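Visitor: One structure coming up, written as structure tokens, with questions to follow.
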Amino acid sequence: MRQPADGWREQALAEARVHDIDAAEIDYLIEAVTGLDRLRVRLGGPQALEAHREKLAALWRRRIEEAMPLQYLLGTAHWRDLQLQVNPAVLIPRPESEALVDVAVDFCRSCAGARVVDLGTGSGAIAVAVARALPGATVWAVDASEAALVVAGANIERYGLSEQVHLLRGNWFVPLPTQPFDAVLSNPPYIPSAEIAALMPEVRLHEPLSALDGGSDGLDAVRQIIADAARHLRPGGILALEVMAGQGPTVVQLLARDSRYGCIRTVRDWAGIERIVVTYAWARGS
């Protein structure tokens, strides 16, 4: 016997509680599939969902049985004021990464024709957000993954930024042109290898390992970026790195030991966690 649409929603709510899933995901799924927000669903009664019942049930079943993130199931993620294409080739953009964009935009507003680098661009979220906030800036978005660059390219095209954001394939600074940049930004892999197995299944099973695993202490990529960034920054340019909770003091120490950098500070995210480490390049290093 076919389950009525309103019965499906009640069952989904019960399953969400059992699997420790935020009930808001159900309304997010409903709105994405039907175009109806929670109020319109309530006003429309059971018939509001009936035409979409089978699709809703199938997607929710995958959410439960495969621990598949809803953003991957739907192919989109809402972040800042953006609706971004995503798939398992890229990380799902997190709210904490918004602080990285804010740092870049605040600094680059005073730079005429700002030149910004986004290392490990993934979905292109940071590059797109910075470019939209700074119409006069040029952004170079770098990633080693061809599959990730396809996703980033779709998001750049979606927001009409193809002339402003340049995609480059390669490891970190390797594919960049030889010119000084105003800002180098990165949300690199920063989770210690030993902690990967303890991640939530939504992350561990579906998000790209190469974008998560930061080596034994989580800072392999951070060290490499610090080593190379100074020679790509203009004097007074900034390096801004997103880090894991608790890594801030160690990254500050790494930068403090490098004479090419100064004025090191940390920026807290929306949850009050030291999430971004920012430093200035004293001079272009060798």
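Cβ coordinates come from backbone N, Cα and C, glycine included.
Feature table excerpt (Swiss-Prot):
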BINDING   Gly120, Thr121, Gly122, Ser123, Gly124, Asp143, Trp172, Asn187  S-adenosyl-L-methionine binding site
BINDING   Asn187, Pro188, Pro189, Tyr190  substrate binding site
Visitor: Quick one: among the binding-site residues Gly124, Pro188, Pro189, which has the most Cβ atoms sitting within 10 Å of its own Cβ?
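Guide: By the 10 Å Cβ neighbour count, Gly124 comes out on top.
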Visitor: CA-CA, which of the binding-site residues Gly120, Gly122, Ser123, Asp143, Trp172 lies nearest Pro188 (substrate binding site)?
Guide: Gly120
Visitor: I'm trying to understand the geometry here, so how far is the Cα atom of Tyr190 (substrate binding site) from the Cα atom of Trp172 (S-adenosyl-L-methionine binding site), in Å to the nearest whole number?
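Guide: Answer for this pair: 15 Å between alpha carbons.
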Visitor: Using a 10 Å radius around each Cβ and all protein chains in view, which of these binding-site residues has the most neighbours: Gly120, Gly122?
Guide: Gly122
Visitor: When you put Pro189 (substrate binding site) at the centre and draw a 10 Å sphere around its Cα, which of the binding-site residues Gly120, Thr121, Gly122, Gly124, Asp143 have their Cα inside it?
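Guide: So the list is Gly120.
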Visitor: Going by DSSP, is Gly124 (S-adenosyl-L-methionine binding site) part of a helix, a strand, or coil?
Guide: coil
